[in-house]
Amino acid sequence: MPPGRPEVYQERFDIVQPHCSSEHTISLNTDFSKAAFGSATGLVAKAASQTTTAIWNLHADAHDFSNSSYLSKQVFAANLAHIGVAFIWLSGMHFHGAYFSNYLDWLQDPSIAPTAQQVSNIANQSVLNPIRVTSGFFNLWLAEGITSTYQLKVIAAFGLIASALCFLGSYFHMHSSTSFTRVLNTKLTSLSTHHLVGLLGLGSLAWAGHLIHISLPVNILMNAGVAVPSPHSLLSSKAVATIVEQLSFSALTSSDGYVWQPLVYSAMHHFALALVLIVGSVLGPLSTASNPLMSFTVGSSWHLVLGVQLFVTGTASVLYAQMSNAYPVYPYLLTDHPTVVSLFVHHMWIGGFFLVGAFAHLSIGLVRDTLPQSFSVVLTQRDIILGHLTWVVAFLGVHSFGLYVHNDTMQALGRPDDMFSDNAISLLPVFARWSTLTLNSTGSAVSVLGVELSTADFMVTHIHAFTIHTTVLILVKGFLYARSSRLVNDKYKLDFRYPCDGPGRGGTCQISPWDHVFLGLFWMYNSISVVIFHFFWEYQSNLASIKASAGGSIRALASDFELNSINTNGWLRNFLWSGAAQVIQSYGSPLAAYGLTFPASHFVWALSLMFLFSGRGYWQELIESVLWAHHKLYVVPHIQPRALSITSGRAVGFTHYLLGGIGSTWSFFLARIVATAG
């Protein structure tokens, strides 16, 4: 085994094929004792430094940390550097909000659109003015109690100071040779406790205190039309008591959908969460001694712990995406429909990537770190687990798409009464009667809270179940078979990723844990795309179906989603084709930026197909031809190009595929919602 790596216990899951005798068995040389993981050595390093292979090694070996005492220093330094970059980004957002946005105007009249970044009219760029802000920062700033640009500037300055401190700390932890850093950060369990207590626990407590003493009084005063004093004057409990006694919290429960009472519940939630994290991490189930994650060698594996944390964070991101519309916390968010859509879509994508990353790092941990014997119980039952999951996927796929096939057939035959719909064969979800659509109107602004479930929701929800279970099947299979399989029983010796060797060794293509992550990313893209398509179509069609009655109240008629999403043609015609009208026809209008992003993202997506549909031979021929032409012209590059490997080609392919798809969807959604409900 490589130096510094723990011995891997003997695999007890190797399955020997009975028809393979020892004399016909191919001997595989998987001894990596002379190689150093994470860096090439000897002639390989010398050759790679003069070729483009060195660039790919930087990406491919990004997670190849050695199990030395410097591991914690590397991880901690990278963590601080990442936080420093985040502080710079936050500082920039507050700086531009202070100097180049209409935040103060928005505070006076929250019904106007939040905008920023006035574009200079050099070559008719003023057509883009004003650039719409859909990040939700205006709502967040008001929830924080920020009422002036001076406060934004102060926060921007402190953000730069915090980023500088993080970068200095990163440099210190990475390059300091003192034993202080090594002793402080060697224990992974102590670092996890630090995150629970210091960051999450105390951070939640500080945020709860800020909400109670600053944010809630400021929002009460603003909603009551009273001049807001300096935040420093609100720090005393007497001032807060006076405000609450005179104005009460009823000012935060107005029915216009602007300022919602959940801001009060948010303070309670973070206070309770702080108590659970601080007390529980020391005495309770979150402590090192009783934490099931730390009870075996998971606690000594950075990758396994990171996988669990990514899984929890990704799940929390998906849950917040649902709450951004179902139970919004921030003031005036319900009437800012483009921001609601952006928050939902953004957090769904973040959750999807984090969940796939969780399985990737869990697989790396299983391959490279010592496994406890207790976990072998799960690995010995993996065939049964995957067998059941496969049948679930097959059942969901056949029946969920069968509903749409039935409706397509009945529509083609001219038999609408035999279709699954609210007006014919109704398939309402079980809890549909408890899910209601709440509509409120103040002036020209309309707020939408919740959703009414229909047969269309029942059908598309089963598509969600199918795509999500398929993604889980792929990722769980790659995770459980990361160490060994029927075909290759020594995967743990080959590491997390290894090249496709073709049929020579019995076929080792698409069986490494990396290949499962690669395939899982595409199915994650499918899953999230169907979810955000469902949400966006139903959300914007509910807005379009709202009609005002003679008495001033509002009601919702049958929406386009309910009527047309029950068959395949409706998704293609009413959603994609008709819904793309705004982004396609946006040239010469303030939506032109989305119109430019839309075809550009399509190009990036289409470029990915060149990498995904090609093999290594194509790139080898291409590079050889390019090199031949350079040598004929006596223009020889100093860094010699090398053909893309299969792994590298797939990495380039799925990166462009996902970025292009996300950019296309984002521009399509925003152009539509800004034009129709912005």
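Every residue gets a Cβ built from N, Cα and C, even glycine.
Annotated features, as they stand in Swiss-Prot:
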BINDING   CYS500, CYS509  [4Fe-4S] cluster binding site
BINDING   HIS602  chlorophyll a' binding site
BINDING   MET610, TYR618  chlorophyll a binding site
BINDING   TRP619  phylloquinone binding site
TRANSMEM  75-98  transmembrane segment
TRANSMEM  152-175  transmembrane segment
TRANSMEM  192-216  transmembrane segment
TRANSMEM  266-284  transmembrane segment
TRANSMEM  302-325  transmembrane segment
TRANSMEM  341-367  transmembrane segment
TRANSMEM  384-406  transmembrane segment
TRANSMEM  458-476  transmembrane segment
TRANSMEM  516-537  transmembrane segment
TRANSMEM  591-613  transmembrane segment
TRANSMEM  651-671  transmembrane segment
### Task
Looking only at C-alpha atoms, tell me how far TYR618 (chlorophyll a binding site) is from CYS509 ([4Fe-4S] cluster binding site), rounded to the nearest Å.
17
### Message
For the C-alpha pair, I'd like the distance in angstrom between CYS500 ([4Fe-4S] cluster binding site) and TRP619 (phylloquinone binding site), rounded off.
### Response
15
### Query
Under an 8 Å Cβ to Cβ limit, what residues of the same chain, 6 or more beyond the ends of the transmembrane segment (75-98), are close to it?
65, 116-117, 135, 137-138, 141, 149-150, 152-153, 155-160, 162-167, 169-171, 173-174, 181, 185, 191, 302
### HIS602 (chlorophyll a' binding site) and MET610 (chlorophyll a binding site), distance between Cα atoms, whole Å
13
#### Entry: Stretch-level contact, the transmembrane segment (302-325) and the transmembrane segment (266-284), CB cutoff 8 A, at least 3 pairs
no
### Message
Using a cut-off of under 8 Å between C-beta atoms, tell me which stretch among 266-284, 341-367, 516-537, 591-613 contacts the transmembrane segment (458-476) the most.
### Response
516-537
### Task
Quickly jot the same-chain residues contacting the transmembrane segment (341-367) by Cβ under 8 Å, restricted to those at least six beyond its ends, or write none.
63, 134-136, 298, 301-304, 306-311, 313-318, 320-322, 324-325, 471, 475-476, 478-479, 482-483, 491-492, 495-496, 513-514, 516-517, 520-521, 524-525, 527-528, 531-532, 535-536, 539-540, 662, 665-666, 669-670, 673
#### Entry: In the chain carrying HIS602 (chlorophyll a' binding site), residues 6 or more apart in sequence that have Cβ under 8 angstroms from it
GLY660, SER664
### Task
Could you say which of the binding-site residues TYR618, TRP619 has its Cβ with the most other Cβ atoms inside 10 Å?
TRP619
### Query
Who are the long-range neighbours of the transmembrane segment (516-537) in its own chain, taking Cβ under 8 Å and residues 6 or more past its ends?
325, 341, 344-345, 348-349, 352-353, 355-356, 359-360, 363, 457, 460, 463-464, 467-468, 470-471, 474-475, 477-479, 481, 510, 560-561, 565, 571, 575, 579, 650-651, 654, 657-658, 661, 665, 669, 672-673
### Query
How big is the Cα-to-Cα gap, in Å, between CYS509 ([4Fe-4S] cluster binding site) and TRP619 (phylloquinone binding site)?
18
### Summary
Neighbouring CB atoms within 10 angstroms of the CB of CYS509 ([4Fe-4S] cluster binding site), all protein chains considered, total 12
#### Entry: Cβ atoms near CYS500 ([4Fe-4S] cluster binding site) (within 10 Å, other residues, all chains)
18
### Query
For CYS500 ([4Fe-4S] cluster binding site), what is the secondary structure state per DSSP, taken as helix, strand or coil?
coil
### Query
Including all protein chains displayed, how many Cβ atoms other than that of MET610 (chlorophyll a binding site) lie within 10 Å of its Cβ?
13
